[in-house]
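Undergrad: Supplied in structure tokens, the structure appears directly below.
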Ligand code: SAM
């Protein structure tokens, strides 16, 4: 799909470029905030799986820049934003970047060090694996990322804090909901208007972090296992097969964002600029080290008949 064609078919892709966001995902976080007011009182925040950085941009524009530009600001006690991703990210004002794997325990240690003994008010996680199209597999890998996010939450989030995480809806959604409820009395699954209906993506909005009394983060996995696994239940809706009668779980599911606003599944005509032809804007920030870069280099080298140098080998 060409850029102009995508501009037409994906209104949020076009709007993101017009408003200077690095990715259309920015609108998802903004729409979640419209519904849940997630930035209220937030001074310290962790952005997990942050590249290319549109959520970090939202955090910078909503939290850091207003505090820095406030007339009484002395440039002290500004909001702290720490962003982590496997991929490097171009700089964003007010955002500390950590390149690392959120499933690695050392990453949590690096984040904690940045908070210097203080705790975060908000942790957001828009992590997604490379989607295979096999829903069960994608949902499973996605849930591992959420659990890695929850591990970091148990180390860095203050009591009363919020956790927002991307989920893939599937047969284990109910299990995930029950696991999150162990730590958060209020958990809502939200579908922002900018997230396509055709996508299984939604967001868990978890409020008022309250770990069980005496909870030790070392026990997280044992505790989560206690919730039980619905796998093996021959029912596509795990909740109806797993918990019955008065124990049946109903997951609060909410559409958010201006419901009369742009529909991400619709095409919109391209705007005419003073009678001239429509000019598609360049992406705000091209990826600085995309995973496909080496493959392109290899392809180019082979089309030019260049012998593959040692350091371009895919096996290296
Ligand atoms: N929120 C981002 C934004 O607004 O620009 C988009 C995030 S993108 C959908 C998903 C990101 O998850 C990718 O950048 C990917 O590198 C990252 N990711 C996937 N697995 C990860 C892991 N184990 N540790 C850290 N980042 C990971």
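Using N, Cα and C of the backbone, Cβ positions are placed for all residues, glycine too.
Where the annotation comes from TrEMBL, it is an automatic prediction and has not been curated.
Pulled these features from TrEMBL for this protein:
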DOMAIN    21-209  domain 'Ribosomal RNA methyltransferase FtsJ'
BINDING   53, 55, 85, 101, 126  S-adenosyl-L-methionine binding site
ACT_SITE  166  active site, proton acceptor
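Quick one: where do these features end up spatially?
TA: Taking a C-beta cut-off of under 8 angstroms and a sequence separation of 6 or more, residue 101 (S-adenosyl-L-methionine binding site) has the following same-chain neighbours: 86, 107.
For residue 166 (active site, proton acceptor), the same-chain residues 6+ apart in sequence whose C-beta sits under 8 angstroms from its C-beta are 125, 126, 127, 128, 142, 146, 201, 202, 203, 204.
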Undergrad: Going by DSSP, give the three-state secondary structure for residue 85 (S-adenosyl-L-methionine binding site).
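TA: Reduced to three states, the DSSP call for residue 85 (S-adenosyl-L-methionine binding site) is strand.
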Undergrad: Can you name the residues of this chain that are 6 or more positions from residue 85 (S-adenosyl-L-methionine binding site) yet have a C-beta less than 8 Å from its C-beta?
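TA: Result: 49, 50, 51, 97, 99, 100.
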Undergrad: Report the same-chain neighbours of residue 53 (S-adenosyl-L-methionine binding site): residues 6+ apart in sequence with Cβ closer than 8 Å to its Cβ, ordered by sequence.
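TA: The answer is 22, 23, 83, 89, 90, 92, 95, 285.
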Undergrad: Mean pLDDT across the domain 'Ribosomal RNA methyltransferase FtsJ' (21-209), rounded to an integer, is what?
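TA: Within the domain 'Ribosomal RNA methyltransferase FtsJ' (21-209), the model's average pLDDT equals 94.
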